[in-house]
Amino acid sequence: MEAVSDTTGTRDVLREHRSKAGAGGHFRALQGKCTSLSFPVRCMTSMNFKALLFGLLTVASIGCSESPAAAASVASAPAAHLVPVPQSAKTHPGELGLSAAVKLDVDAAAPNARRTLEEALAGLGIAIDDAAATRIRLQLTDDAALGEEGYRLVVADDVQLSARTDVGLLHAVQSLRQLLPAQAQQAYRLPRVEIVDAPAYRWRGLSLDVARSFLSVEYLEKTIDRMAFFKLNRLHLHLTDDQGWRIEIKRYPKLVEIGGASAVEGGRSGWYTQEQLKHLVAYAQARGITIVPEIDLPGHVQAALASYNELACDDVENLSPYSGLEVGFSVLCLDKPDVVYPFVRHVLEEVLAIFPSQEIHVGGDEIKHPLYADFVARAAAMVDEMGRTAIVWEEGSVADTKPDVLLQLWNDSYDIAAAVEKGHPLILSPCSYFYIDHGNYAGQPQTYDWCRKEGVPLARLYSFDPAPFRTAVGIEAALWTELVHTDEAADNRLWPRLAASAELAWSPAGQRSYEGFRQRMGALRTHLDAMGIRYHPEPDLGWADAETEAAAP
Ligand code: TNX
């Protein structure tokens, strides 16, 4: 049973769960409350821009064009529609024509940028030919101002992309893709632009819950490609929960044999082999994305308890797999440290051997237990000893951890001030903006509304301001899958909202405006179509005509 709150809710839950105990059965009830109200949240009333939209869409020019004269003179030239909007962009008169072939000149130390560019050109039917008139140059430079991920993109008489790293060049290539059409054409026209760009935040993420309902490796690959197009760089996989355990742990094979075979009711079961996960890690890395694994502990562990009953406190056998929607009822038996901590260590050792990510998520949400803070401190210290840095959900701020432990904020009103004072970096996922299991519009079928009863429409998400969070490292949208059981439904919840989230994390506040985003994103629709995305038919972008079956689970 869940108490639905008003505009920006906290997750007040009375969770009741029935689990079988031997021949009989018992009930456990636990009252949890995600607490306290101190952080101010901007509650925008839902806006309706439909009437304005089509007029605005016709005014197609780059959001940050610097000179009015240049803007006027490029009126007939192709427009630069970029999402996220770059830090700075100057448009110049005229255009650069590209024909059937280009000459490539690529620094050997940028293999990922090269491959991405070659694939993009091949997709457009543009050949690579040393004798071609126009050159595209990818160059590593030592311009410290660009940072690790920044880049310059200049379209003049040829196309010059430069950056300090392969990742920076990858981002430059993605911008070039956005300047080009999505489909092959006879000839191409590029606007003459000079872009200097770098991200506002180093953490630009998506959290995907593959535990409630499984998502295939193929779907994750597609999602990685699409994320890269918008310069997102962290894919957080919520690999374990009550309803399923999705990561093979060789030392504990029953975790996937039993825990991988269940799912939320109506959802998909399944699990990933370690080989598949290593493949995904490499696939993502080649696209500038780090996969961040989460093993949710010490709660949300029914799938683990069902697999290895000795991890539970009760002297029971055959703890059953769980397929309901409740949360907060299962916990590792913290009164048996000799059982629990070796288990946690062994699991983490295998997880770390698969995922090179510096940050490793150990969960820590929605559990009340006298030994909770002790557990979080020990788990975070374990990760630290293994040379990595722990992430825990906001509740973990009660634990005595090193200040470099990252906290992931998810209740808008959680009192995080003391943790910020201690210096903890924050990943921002306040639910009334970034829980995209909530509706694209109020009342969307198969969506939650416990955090915000009007759902999380595109305009609402875009209105978030990360600036007040002094220690924020970035933003992460979260797609929980209790109610998302197909790839189509996942696409519908993710897009276009994930692109808005990418812009908030990448672009400086001074360049952002919802009107500008609507124009630029509206113009990228053909790219989303080309990528096969089953996006929400978002009226604010003029996409209401899009066919969708995705309201279904
Ligand atoms: C809260 S956010 C949860 C998840 C649910 C989600 C549903 C968090 C740390 N816990 O377990 O899936 O709400 O919106």
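We count from 1, first residue shown onward.
Backbone N, Cα and C define each Cβ position, glycine as well.
The active site, proton donor feature in TrEMBL is assigned to GLU366.
Secondary structure of the domain 'Beta-hexosaminidase bacterial type N-terminal' (81-198) per DSSP, as helix, strand and coil residue counts: 30 helix, 45 strand, 43 coil. Summarising the annotation, TrEMBL assigns domain 'Beta-hexosaminidase bacterial type N-terminal' to 81-198.
Annotation comment: TrEMBL describes 201-370 as domain 'Glycoside hydrolase family 20 catalytic'.
Other Cβ atoms within 10 Å of the Cβ of GLU366 (active site, proton donor) number 21 in total over all chains. In the three-state DSSP scheme, GLU366 (active site, proton donor) is classed as coil.
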